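To keep things clear, I will list the structure first and then write my remarks on it.
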Amino acid sequence: MALCLKQVFAKDKTFRPRKRFEPGTQRFELYKKAQASLKSGLDLRRVVRLPPGESIDDWIAVHVVDFFNRINLIYGTMAEHCSETSCPVMAGGPRYEYRWQDERQYRRPAKLSAPRYMALLMDWIEGLINDEDVFPTRVGVPFPKNFQQVCTKILTRLFRVFVHVYIHHFDSILSMGAEAHVNTCYKHFYYFIQEFSLVDQRELEPLREMTERICH
């Protein structure tokens with residue numbers, strides 16, 4: 001029998017503190033609107049569409065932060081099964097290997113273990129979404145011109161978490177009774193990136209067959 005969401009994603013397994021939206025802000029109101037639509041049971045394809053009159057950058061920002069929180073939590077439940085020994089390379093099966101690159105420690109693509117890659121990824125995203133120059137929270141402060149490019153990079157890398165979890169740790173998902181919850185999160189993520197063309201189709205190839213089965 002599937003466990004309830006709170007049991008599956010227990011607080012003590014959370015990978016890191018959740019990034020929250022400040023009450024009273026437009027971003028918080030958009031977040032509440034998105035969450036209400038999700039809980040209403042509406043078709044996820046409709047849920048991700050930009051509400052009339054809303055800013056696309058605000059809508060994307062809200063979802064990037066929410067997906068960061070959700071995917072963080074999913075990986076946190078798998079973390080004990082994803083070690084330097086079990087996953088010495090950040091991969092998605094034998095055909096796909098993901099190397100890490102950033103502007104600080106790894107200026108050239110580096111082959112890392114999955115847990116090391118995940119830790120660097122979550123730190124990198126957290127730094128971006130807490131950066132007022134990238135994700136402004138003050139009223140009247142515009143998003144940077146390259147905002148959607150930054151979000152594309154974030155979402156592309158978050159997709160790789162799904163790839164690794166589904167291909168290498170699906171047995172753990174099943175054993176916890178979390179399959180339905182993880183699938184729903186994946187479908188929400190997939191419909192969103194497709195709605196706004198935020199991730200290159202080639203990046204989606206590792207999960208293409210599964211996606212065709214659960215998202216169509």
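Keep in mind that glycine also has a Cβ here, set from the backbone N, Cα and C atoms.
Whatever TrEMBL says is automated annotation, not expert-curated.
Positions annotated as Zn(2+) binding site by TrEMBL: Cys82, Cys87, His164, His169. Around Cys87 (Zn(2+) binding site), the same-chain residues at least 6 positions away in sequence with a Cβ under 8 Å from its Cβ are Ser113, Ala114, Pro115, His164, His168.
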- Query: Other residues with Cβ within 8 Å of the Cβ centroid of Cys82, Cys87, His164, His169 at the Zn(2+) site?
  - Reply: Met78, His81, Ser86, Ala114, Pro115, Val165, His168
